[in-house]
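Lifted from TrEMBL, the feature list:
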type	residues	note
TRANSMEM	9-28	transmembrane segment
TRANSMEM	59-80	transmembrane segment
TRANSMEM	111-136	transmembrane segment
TRANSMEM	198-216	transmembrane segment
TRANSMEM	244-262	transmembrane segment
TRANSMEM	274-292	transmembrane segment
TRANSMEM	298-317	transmembrane segment
TRANSMEM	329-349	transmembrane segment
Amino acid sequence: MIKNKIKDFLPSIIAVLIALIIGGIIMMTKGVNPFTAYIDMTKAAFYQTSPRSPFFSGLAKTLFIATPLIFSALATMVAFKAGLFNIGMQGQMIAGGLAATFWAITFRNYVFGNVFAVIIVAVVAGFLWAGIAGLLRAKFGVSEVISTIMLNYIMIEVQNFLLNGPLKDPASQNTQSPRVFEGARLPLLFAKVTKQNLNFGFIIAILLTIGIFFFFKYFKKGYEIKAVGQSDTVAENAGINPRYIMFLAMGIAGACAGLGGAERVLGGASEYTYTELIMGDYGFTGLAVALLGKNNPFGILVAAIFYAALEVGGQMLQQRYQIDKEIVFIIQALIIIFVASENLFKFMLNKKKAT
């Protein structure tokens, strides 16, 4: 069992090693010792971001960046288990973030404006937004790839409208919302020590990872989602309603992404305000993280932390070695290319054996 799991992740491990080697060669052309650079990157990502920074500030920053990647990648994974390719995590994260911001600001003086209620609202918003694509696929056979891409564009325009209208902070010249009040914020973790915004959202991400694992391993609906993903015809013959399962899977995926969007706002990514760039490209990067993690919940957890470590380490490279941060992007891209090429390698190997 364990050997099979290791074998499943072997292509990802090899892809990472090859990408790091190529990245090291590029560093050598810049006159930088790759071994020293990678050691410094590791220190920056898991200990101190700089020699004068607080202890474990690097680890806190890495986990803070990894948190939305975990939510986004889990959203990718849940849909993929049902045989659906969810490209809409970015829009779903925005939906969750906007819903959380609106609810927290509107009901700040009410008991149901607390952080728990705000998170539930974000989850529901993500579920419903992704559910549109699930419904279109289930009822009308519309490709979820096309519908989720279009829904991304729509939600981005909704975001722009709200930030320049109903959600705009009248006291600020920037395109942003008012600050979320303290009662709706996620508690920070070790902030006095690390001086970073690592928050309780990371704990939620870990709990969600464990929950998703048990959902697919022990729960009936998890089994039904996997059955539909393998063959909706066979699943239907077994008494499973594939149309409902497609909608449910997309909804759960959207809920995961919506939770990630809420974490960005409630966790202080932009001083507890919603801004145009607060979601970054976490929704799209989640695709890469899910691929690297082999669509396994715990694999995704490790892959997200690795990706975040590259991000933090890349910032250090730029500052200390004057190396373009694009080298990190090259390494990330190579990893995904090599992992995605796994099926091609298998095809070529099987063809060679056949001859």
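Cβ coordinates are placed from backbone N, Cα and C, and glycine is handled just like the others.
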Are the transmembrane segment (274-292) and the transmembrane segment (59-80) close, by which I mean at least 3 Cβ pairs under 8 Å that are 6+ residues apart in sequence? yes
Recorded stretch, among 9-28, 59-80, 198-216, 244-262, 298-317, maximising Cβ pairs under 8 Å relative to the transmembrane segment (111-136): 244-262
